[in-house]
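Chemist: Quick paste of what TrEMBL says about this protein:
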DOMAIN    122-168  domain 'F-box'
REPEAT    225-257  repeat 'WD'
REPEAT    258-297  repeat 'WD'
REPEAT    298-337  repeat 'WD'
REPEAT    338-377  repeat 'WD'
REPEAT    378-417  repeat 'WD'
REPEAT    418-457  repeat 'WD'
REPEAT    461-500  repeat 'WD'
């Protein structure tokens with residue numbers, strides 16, 4: 001057995017004696033001696049093999065002359081004993097050391113540990129090739145990587161590796177490397193690391209909030225904001241005052257007012273800087289949000305345009321005149337008219353291939369817009385249909401009859417009837433087979449549409465106190481607004497209430513949050529009241545803020 005084998009065996013025998021006591025039995029729980037931190041197996045030491053302990057100290061960069069015990073003169077016969085020890089073979093030395101350790105008191109074994117153990121505490125990361133060291137670091141959590149970067153200069157270089165942080169971003173589902181829009185990282189900092197830290201900060205701001213007050217955008221006098229759109233740094237609000245307003249999400253200024261409708265605006269859609277609005281004046285209008293110009297006025301409906309859905313260069317509108325129309329946004333031309341409903345069309349979805357509509361005739365219809373043929377009439381609701389979701393496979397409809405129905409879009413068959421709500425389902429969001437529904441019964445429910453199971457009912461002591469008005473998915477979270485004047489944040493996975501993101505001063509006494517729109521970093525709320533207790537306004541909350549930004553702003 002070589003020097004390392006001998007040293008290793010001595011080390012483990014001493015450690016065993018400290019851990020188990022002189023009689024070989026383990027110490028009781030709570031009495032076990034502490035282990036040293038970060039020791040390595042001697043087999044992992046890869047430099048030239050030392051032959052004595054003094055050689056090992058030199059290999060580790062220490063002086064071969066360590067500090068000796070100075071309790072008195074050496075015992076007589078020590079040199080003879082040492083000479084005899086050196087004359088023995090390796091196995092004989094091990095046997096002698098084994099017997100010696102068994103005869104040592106605990107304090108003496110501790111002394112040997114204190115001398116030997118530091119030699120096993122090696123910076124193994126620095127000894128490894130860079131590629132292997134980086135591979136080892138991939139097993140660390142991001143928080144541990146940040147701590148590792150503070151160990152020494154070389155560890156910091158490794159812990160800043162861009163590809164390492166790209167992998168951490170991939171594990172968290174972060175696919176784009178985008179530095180903060182307010183400041184770019186320095187060249188010494190990994191862009192993927194900056195991206196990870198920024199996303200973590202945004203997530204924390206969403207979940208825990210900060211002390212900043214929301215930016216308040218006042219407009220539309222005391223009228224109701226009926227629709228709200230949000231794209232990039234532009235916000236567009238529509239109102240029953242016949243206008244739409246374009247706002248800057250950065251400065252909060254009203255950039256322009258879009259005028260031309262002669263009746264209240266009831267619905268809108270937005271893509272980039274193109275805005276489409278529908279009104280009680282029976283028209284749709286296409287606007288350029290940057291210039292404020294009305295590009296097209298779309299005539300054809302004979303009653304209020306109540307709903308619309310934009311996909312690509314086409315928008316489908318539904319009207320109280322019982323028809324749907326398919327329009328080319330770039331030319332303003334009506335390409336198709338879909339007839340078949342017996343009452344007002346209240347909601348519509350369009351995925352670029354199929355149109356799905358719900359109406360006051362209790363019916364849901366699936367259309368081929370190119371042939372203008374109704375492929376399926378989905379019958380089963382016993383009252384008006386107010387809300388729809390469509391993902392290309394399933395149609396989900398919400399009705400005043402309190403039920404939600406899941407339909408197969410290809411066959412027209414009813415897959416599930418979701419029951420539990422007590423009133424009108426006014427809004428729904430569908431993503432990856434997970435449906436969130438908001439109801440006038442003041443609750444929000446989370447469903448799996450594949451099984452029909454209700455996963456969570458978002459209620460409890462912090463639930464809404466009045467009808468839910470709007471819903472949004474965001475970052476694994478659910479946002480819900482209500483007639484009670486609040487916007488609540490829920491964890492989609494657990495169903496837990498996290499906090500009230502917005503709480504109007506007049507909540508509970510007339511204040512209402514009508515509409516909400518959210519991006520990854522911002523929340524826009526349209527709020528007001530029906531009794532004059534709260535001004536009509538937009539509230540803008542920005543979650544892409546670090547401590548420096550907060551102080552500056």
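One-based numbering along the chain as shown.
Quick reminder: no glycine exception, Cβ is built from N, Cα and C everywhere.
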Chemist: For the repeat 'WD' (338-377), give the DSSP counts of helix residues, strand residues and coil residues.
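Modeler: Here the numbers are 0 helix, 22 strand, 18 coil.
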Chemist: Can you name the far-off residues of the same chain, 6+ from the ends of the repeat 'WD' (461-500), with a Cβ under 8 Å from a Cβ of it?
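Modeler: Counting only partners 6 or more residues beyond its ends, the repeat 'WD' (461-500) has Cβ contacts under 8 Å with 202-203, 206-209, 423-424, 426-429, 431, 434, 436-444, 446, 455, 506-508, 510-520, 523, 525, 527, 534.
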Chemist: Using DSSP, how many residues of the repeat 'WD' (378-417) fall into helix, strand and coil, respectively?
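Modeler: Secondary-structure breakdown of the repeat 'WD' (378-417): 0 helix, 22 strand, 18 coil.
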